[in-house]
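Peer 1: Have a look at this one.
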Amino acid sequence: MKSGFVSIIGRTNAGKSTLINSLLEEKIALVSHKQNATRRKIKAIVIHEKNQIIFIDTPGLHESGATFNQLLVQSAIKSMEDCDVILFVASVFDSTKDYENFLSLNPQVSHIIALNKVDLTDNATLLKKLSEYAKFSEHFKAILPYSSKKKSYKKGLLDEIVKCLNEHEYFYDPEFLSVNSEKELYRDFILESIYENLSDELPYSSEVLINRTKDTPNLLILEANIITDTNSHKGMFIGKEGATLKRIGKDARFKISKLAQKKVLLKLFVTVKKNWQKDEEFLKKLLNDEN
């Protein structure tokens with residue numbers, strides 16, 4: 001029996017969260033086409049042939065001077081120090097530059113490369129990309145094609161990961177899908193609904209805080225604050241006669257209800273907190289990086 005932690009690293013939009021959901025065959029990680037959708041480390045658990053693999057989905061690696069984005073990158077880098085193996089995820093359409101940047105961070109643990117989105121290309125393109133990575137073969141343990149959509153090569157990827165883990169009893173109850181609290185997952189579903197219902201830039205000025213939860217046998221009651229930075233943005237979140245906020249709430253309720261397996265009463269509020277993205281203490285609280 002083996003058990004260990006795998007940190008999923010890659011640039012924003014490489015498909016890391018989608019890959020986690022495909023391995024779990026459940027929706028746990030926030031998925032969005034927008035960059036930096038993943039803001040907290042999400043730990044998802046996969047049992048593969050009696051071995052326990054704990055995946056840590058991290059914020060994407062990218063270059064940015066913004067305080068918030070710097071903290072996201074620091075969070076991702078720190079996760080590389082706290083794992084047994086790194087899974088570097090890259091789209092088959094990406095150049096090797098992101099991988100070279102990753103190597104420049106001097107990772108101290110073994111890593112595997114997953115070339116994602118191979119269902120969107122042909123064999124010739126895939127083989128060409130594999131040959132481009134071949135010159136780095138001394139650095140990685142294995143490189144495998146992967147399709148989060150079709151779950152192709154799923155067993156092969158998990159087999160390679162297990163090879164890098166140590167013999168160890170389970171760290172968590174094997175019935176768990178994630179060790180993140182349900183409250184954190186609810187928050188991510190609300191944030192995902194914001195991403196899906198608003199324009200490209202506006203969601204980056206927002207965050208979600210769960211204020212209250214009450215769980216009964218047949219009903220889950222949630223109250224949450226959407227934090228934004230200006231009154232004009234607040235108006236955009238609410239929309240004409242509250243239409244936008246209602247749409248966000250409807251989408252989030254559906255996602256949360258599917259996870260909770262019960263009816264959900266969700267109350268959303270919009271609060272203005274100016275310059276929240278530069279408030280380091282507030283950001284550390286959001287990212288669970290408090291000491």
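A Cβ is built for glycine as well, from the same backbone N, Cα and C atoms used for every other residue.
Below are the features I grabbed from Swiss-Prot:
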BINDING   10-17, 57-61, 116-119  GTP binding site
DOMAIN    2-167  domain 'Era-type G'
DOMAIN    186-274  domain 'KH type-2'
REGION    10-17  region 'G1'
REGION    36-40  region 'G2'
REGION    57-60  region 'G3'
REGION    116-119  region 'G4'
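For the listed features, I'd like the structural context: burial, neighbours, distances.
Peer 2: Applying an 8 A CB threshold to same-chain residues 6+ apart, the list for VAL118 (GTP binding site) reads VAL92, LEU126, PRO145, TYR146, SER147, SER152, TYR153.
Summarised as a single figure, the pLDDT of the domain 'KH type-2' (186-274) averages 90.
Under 8 Å from some Cβ of the region 'G4' (116-119) lie the Cβ atoms of residues 14-15, 18-19, 89-93, 126, 145-150, 152-153, all in the same chain and six or more residues away from its ends.
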Peer 1: Can you tell me whether DSSP puts LYS16 (GTP binding site) in helix, strand or coil?
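Peer 2: Helix, per DSSP.
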Peer 1: Rank the binding-site residues ASN13, THR58 by how many other Cβ atoms lie within 10 Å of each Cβ and give me the one with the fewest.
Peer 2: ASN13
Peer 1: Within 10 Å of the Cβ of LYS16 (GTP binding site), how many other Cβ atoms can be counted across all chains shown?
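Peer 2: So the number of other Cβ atoms within 10 Å of LYS16 (GTP binding site) is 31.
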